[in-house]
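Peer 1: Quick paste from Swiss-Prot:
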ACT_SITE  GLU199  active site, acyl-anhydride intermediate
BINDING   ASP166  Mg(2+) 1 binding site
BINDING   GLU183  Mg(2+) 2 binding site
BINDING   ARG201, GLY216, SER219, ALA242, GLU257, ALA258, GLY265, LYS281, ARG294, ARG295, ASN296, SER297  succinyl-CoA binding site
Amino acid sequence: MGGMSENTPRYASGVALVNVVISGEHAGTVLDAWFPAPSLTQTPDLSIADELEDLAVEHPARNARTEVRSASINLDEAPEDAVDAYLRLHLLSHTLVRPNELNLDGLFGTLANVAWTNHGPVLAAEFQKLAIGLRKLGHLSVSHIDKFPRLVDYVVPAGVRIGDGDRLRLGAHLASGTTVMHEGFVNFNAGTLGTSMVEGRISQGVVVGDGSDVGGGASTMGTLSGGGKKRVSIGERSLLGAESGIGIALGDDCVVEAGLYVTAGSRVSVLLPGQEARVVKAAELSGVSNLLFRRNSLSGAIEVLPRAKNTVELNEALHLN
């Protein structure tokens, strides 16, 4: 899960405010880590440490304390622990590295399952016994129970609009000019590389090129479940129509018709001017530019034909964030 460099080791570092379980069988478990200013340097900048120390206190109601830690990691090696993992997620969401350009192998195993409350993170396994004490602090709400927090509680990317903060995980990579509408979803180690409209799902490992549109309810197949190894991506100026989906890479200037799901094993008829139609697996067209994928309304067959280098144009006014 994530790319690795064959050249000189790449490093990153930062200073974090870390929530840690105080006592009990889970003592020492890291609940989260917030890196206000991560950087691609081997040595962390400690200038922010004193300011963070003012926030280092105990939270008995959560059975947690906050403490300041520094971290320096090799991006080409697997995460060693939760603080290491959180630094990698912050690097992605600060757009310091792109999806698939750092090693995330084993990241899930380093993270605790957390109840994300309005009073701060609580270990999910301890939530029930801590609930009374938490309610004594005032109104108690839990946004979700997951290993990943919401992106917007840790990083607010520059130049983007987000309709619903609950639908973006920390580790999402949103380039300036991106608009994520209310039904859009972006997983960690996934996202946009330029100006894009996102009204559908961008799964783990998937990147969307500049000027492309993921239509309402559209989806992209990731590699987290099902054993998939082939990475799905969307090139520049391409469109996934509403309720469509892909399990292959789209090149530049491509369109997938609304409601059509193209998997790697889909049998598609290639229609070229002056030639007989031939049937191939969609995987053979992965990454090819200037294609239109559609479903024949009479036969139901999936067809693909060239688009004569037409482009998808986004409304510029919608992306001046």
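Here the Cβ of each residue, glycine as well, is placed from N, Cα and C on the backbone.
Provide an account of the burial state, proximal residues and distances for the features listed.
Peer 2: GLU199 (active site, acyl-anhydride intermediate): 20 other CB atoms within 10 A of its CB, across all protein chains.
If you draw a 10 Å sphere around the CB of ASP166 (Mg(2+) 1 binding site), it holds 14 other CB atoms from the protein chains shown.
In sequence order, GLY163, ASP164, ARG167, GLU199, GLY200, GLY216, GLY217 are the residues of the chain that are 6 or more apart from GLU183 (Mg(2+) 2 binding site) and have a CB within less than 8 Å of its CB. The secondary structure of GLU183 (Mg(2+) 2 binding site), as reduced to three states from DSSP, is coil rather than helix or strand.
Spatially close to GLY265 (succinyl-CoA binding site) yet at least six residues away along the chain are LYS281, ALA282, ALA283, judged by Cβ distances under 8 angstroms. Reduced to three states, the DSSP call for GLY265 (succinyl-CoA binding site) is coil.
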Peer 1: Mind computing the max CA-CA distance among ARG201, GLY216, SER219, ALA242, GLU257, ALA258, GLY265, LYS281, ARG294, ARG295, ASN296, SER297, which the record assigns to succinyl-CoA binding, rounded to whole Å?
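Peer 2: So the binding residues stretch over 26 Å, Cα to Cα.
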Peer 1: What is the separation, in Å, between the Cα atoms of SER219 (succinyl-CoA binding site) and ASP166 (Mg(2+) 1 binding site)?
Peer 2: 18
Peer 1: If H, G and I count as helix, E and B as strand, and all else as coil, what does DSSP give for ASP166 (Mg(2+) 1 binding site)?
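Peer 2: DSSP assigns ASP166 (Mg(2+) 1 binding site) to helix.
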Peer 1: These are the binding-site residues: SER219, ASN296. Which one scores highest on other Cβ atoms within 10 Å?
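Peer 2: Comparing the binding-site residues SER219, ASN296, the most crowded Cβ belongs to SER219.
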Peer 1: Please report the Cα separation of ARG294 (succinyl-CoA binding site) and ASP166 (Mg(2+) 1 binding site) in Å, rounded to an integer.
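Peer 2: Cα of ARG294 (succinyl-CoA binding site) to Cα of ASP166 (Mg(2+) 1 binding site) measures 33 Å after rounding.
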